[in-house]
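All remarks here apply to the structure that follows.
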């Protein structure tokens, strides 16, 4: 009975996040192009990338406080209060003003830290060492249903700015988001089903799959899109003339590769820090959101190819670090046994 209740809790958690982040990430997906249009109509200048950068920088800093908040009020209330800030942020886009946009970006940064730290703690409470991989997969698959990953803001906007795609350029923004979500869901389901095997035999092979999928996507993007695609409408080409189906294939690959990393990192954190999960997930989100904030800040200043090179470098370092941590953890368990 306890097992069934825990599974229901994980499913409800995933469905709740699906609802919140379908709305939020759809907003993030289109906000660069929307705010550019608003500037042309009203003269109000708010850069979409800078706005998201504020969200993630505040998110990062707030992670130092949220473990104490979650310990005081509990993960469920923390997630509820954090979810309310997402509602506020989305509502502002109905009638955007410069002041409200920046204030809501600051507030949602705090709320994001609360909702994600609460999520990590709640996921761990409802899992054990044999089910954490499966439960992470279930959660991630449900979360990523018409939901998008952190990088969709830049990549999907780049598709919309590439005029060589013709009249379908703006349509590709939405289709790209859907296919990123498809890749995320497929990965979450697949790695959720393999959860018990990866827990016993190691998670590094799945990280290797994610690495190869990401590298493939980055190479194809580099070939297919022009260097100035993240900034504004452009008639330039990449190494080849931009091909719509190739761009959408990259969207799927980005989602699939992202799910490889996220499901395994969440499972590892829940397994290694079961008795003290809130600080562990808060630290993970601090590092992740700091990187996202920095990425969004430089995304409007350096070309697409340089951005891809930076992503490649950190992809290599991150994959190596994951493998080392898993190796050291196994060695530690063997010594205890």
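The backbone N, Cα and C atoms fix where each Cβ goes, and this holds for glycine too.
Checking the ranges 48-65, 120-137 against TrEMBL, the transmembrane segment annotation falls on 48-65.
Within the same chain, the transmembrane segment (48-65) stays apart from the transmembrane segment (206-223): fewer than three Cβ pairs sit under 8 Å, each pair at least 6 residues apart.
Packing against the transmembrane segment (305-325) from elsewhere in the chain are residues 154, 203-204, 207-208, 210-211, 214-215, 218, 221-222, 227, 230, 261, 264-265, 268, 291, 295, 298-299: each is 6 or more residues past its ends and has a CB under 8 Å from a CB in it. Sequence-distant contacts of the transmembrane segment (206-223) (same chain, at least 6 residues past either end, Cβ-Cβ under 8 Å): 155, 191, 194, 198, 238-240, 246-247, 249-250, 253-254, 256-261, 263-264, 304-305, 308, 311-312, 315-316, 319, 322-323.
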